[in-house]
Amino acid sequence: MGQKIQAVKGMNDLLPVEQKDFKLTAAFWQAFEDTVTRWARSYGYNQIRTPIVEQTGLFVRSIGEETDVVGKEMYTFADSNDSLSLSLRPEGTASCLRAVVEHNLLYNGPQKLWYMGPMFRRERPQKGRYRQFHQVGAEALGFEGPDIDAEIVAMSADLWNELGIRDHLVLEINSLGNREERAAHRAALVAYLGSHQDKLDEDSKRRLHTNPLRVLDSKNPDLQEICNKAPHLTEYLGEASRTHYAGFKAMLDGLGIAYVENPRLVRGLDYYNQTVFEWTTDKLGAQATVCGGGRYDGLIEELGGKPAPSIGFAMGVERLLLLVRDYGSLAYQAAPDVYAMHQGEGAALQAMKHAQTLRAAGFDVLQHAGSQSLKAQMKKADASGARFALIVAQNELSDGTVTLKDLQGTHGQTTLDAALLTSTLQQWKNA
Ligand code: HAM
């Protein structure tokens, strides 16, 4: 026997059944995809699907070379037949914008786009943090806001409501201002942190000159006091940025969406400006952020397009679904409606024909394969979770009848003319 080969660390199989250390099933996931597809359509967003592999330069230019995502976590490799560097996408915004610019989609006016799919980051795996994970993201391109900023947040809140987890999520917001304001703040921050250099840890010392805002994100308890007293970006916001932020907050108030202002919310990707936000939960341990986003007004231009102010967000599907599974609600049907059983010469074929008829009428039918006693087949029918059993044995075959058994409800067992099969099951199902 050959040696078993295991999946790559931090990358999960999605199975029909729950696994010990990964509780999400494919049926649950699929139900979420259906919900998300309807939800995105209800807000007028069109789906976009881009390749999983892109030129590395796309992520370096958009997300930023100094970020953890690009600097440490990307799966990067050289294409074998030339010297092009390629990377598995670590997020969806850059690819989405690359496609929009490449295909000139903004020529027809602003675009509202959404996507879902796998993303790859070489992080240390733990519950809620994986190396292949999935995002659902939405991007509103060519809108100045702040109305669209509020709509984007309201849209995400709506999904939490639909999934029954709204009470377990807190909305944190901040404004990062524009480029000049951030530069002025950054200079003040570097000067401030520099004057406390001796108290900084190694990570923070490294970030001091590469990405000083990220120092404020440090989880090191010894640094909390220094971070708390650091200059706030809010103090450096000019009139236009303050007005934008105030307009955003007023819309949230008007929509009845509660938020916490967190002046230290900076996000881990470089492309943001003005409005940023995160939805966090206290139910998932360390991996608290379920969804994050914000404005990236300069990014499309940076990627070679005409200037187009834009905003978007992405949610981590695994995190979200772990939350929904334990605290929310998502209706889905994993079991078939009918288990089709048969016994004796010719009965399998007849059962298969009945199954086809039922499928054409919208029933999910699992057909028993192989020859076993009806008792053994009935056990399988129960184990499948099917609501009804359909039985074709010799009697049914010779009489042109079929036997139906209600496995979960009150209809009992009955033998009827095969012509009445569909209508009877429809009645049973709806009763
Ligand atoms: P992000 O904050 O890097 O933003 O990722 C968004 C979400 O993806 C996170 O809040 C988290 O739920 C999930 N996530 C990130 N890394 C992992 C991981 N290793 N395992 C499991 N889940 C993870 C972005 O990616 C931006 N593109 C969002 C955006 C769209 N901003 C504007 N438009």
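Note that Cβ sites are derived from N, Cα and C of the backbone, with glycine treated the same way.
Unlike curated entries, TrEMBL annotations are predicted automatically.
The annotation in TrEMBL ties E91, G92, T93, Q135, E139, R267, Y271, Y272 to L-histidine, and of the candidates under consideration, R121, R122, R242, the one tied to the same site is R121. Summarising the environment of Y272 (L-histidine binding site), the number of other Cβ atoms within 10 Å of its Cβ, over all protein chains shown, is 23. Mapped onto three states, the DSSP output places T93 (L-histidine binding site) in helix. Using a 10 Å Cβ-Cβ cutoff, Q135 (L-histidine binding site) registers 22 neighbours. The Cβ neighbour count for T93 (L-histidine binding site), using a 10 Å radius over every protein chain in view, is 24.
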